[in-house]
Amino acid sequence: MLKIVSKPSFNRIALMGREGVEGVPETLAALKDYLVSLNREVILEENAAHMIDGSRLLTVPANDLKKKADLLIVVGGDGSLLNAAHIAVPQQLPVLGINRGRLGFLTDIPPNELTQISDILDGHYREEVRFLLEGTVEEGDEIVAQGIALNDIVLLPGNAPKMIEFDIFINDEFVCNQRADGLIITTPTGSTAYALSGGGPILHPQLNAMALVPMFPHTLSSRPIVVDAESQIKITISPENDVSPYVSNDGQERVSIKPGGNVYTRKYHYPLHLIHPTDYNYYDTLRRKLDWEKRAAKV
């Protein structure tokens, strides 16, 4: 859901950035100084405090940001915002992105236009609610791993480059058996990421849907399928596999799953509250990021 909001304003701002990304320390420092000039209280997440001089500012562990801040500003690319979402969503802390990455589907504001933040802090912004996925890996009656994903839950080959055989169930109804290099279960947010390179459809962020995208399937008739986001997806790894595939959430963690194990994916109970400037337009973003502005050459 996308809505223009005139309030509340933001007064306690937490800053986060990923170390090792070019330009992030400089932008964090400039952002800190700008927020101080606006008489906002600035809180530094612990890693951000290592990158800039924040000797006079409060430093807070990532998992405690909500106790001190009412907005989290992330400096970096889409990967940095994905990482921040894993921290902010369970705390229900709104997130705004400053783009220092390559694409910037999720990080709207260029580093040379930090003055746009002033209007946002004063309560003039668009708030977009994006859902996440929750993935659970089970072997027998044991929960091996559990995690959330803003983009996707992905089944990947193991250490050997072999196809994986698995069964797909939706709401306990059998859908199909597949042999493929893997499977991407994507949100609308993730539909312009890994799933897009796998041939998946672009889903508008306001759709309450997710897509299942097979990776290099053995059967040419295997195609992506879009399902209701309220569905529960179960992937059963065939006992016939002689290698253990991996399950990944947003590419951040990777867990091995034995043949016979199950991967359950469903909608996570907390969404991401993503903050945009008032002139944000999703289709403008698609045109710019996917080079749709280029006209086809005349023959």
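Here the Cβ of each residue, glycine as well, is placed from N, Cα and C on the backbone.
Site annotation for NAD(+) in Swiss-Prot covers ASP78, GLY79, ASN151, ASP152, LYS162, ARG179, ASP181, THR192, ALA193, TYR194, ALA195, LEU196, SER197, and the matching candidate from GLN232, GLN252 is GLN252.
For the binding site of NAD(+), formed by ASP78, GLY79, ASN151, ASP152, LYS162, ARG179, ASP181, THR192, ALA193, TYR194, ALA195, LEU196, SER197, GLN252 according to the record, the largest Cα to Cα distance is 31 Å, rounded to a whole number.
For ASP181 (NAD(+) binding site), the number of other Cβ atoms no farther than 10 Å from its own Cβ, over all displayed protein chains, is 18. Around the Cβ of ASP78 (NAD(+) binding site), a 10 Å sphere holds 23 further Cβ atoms from the protein chains shown.
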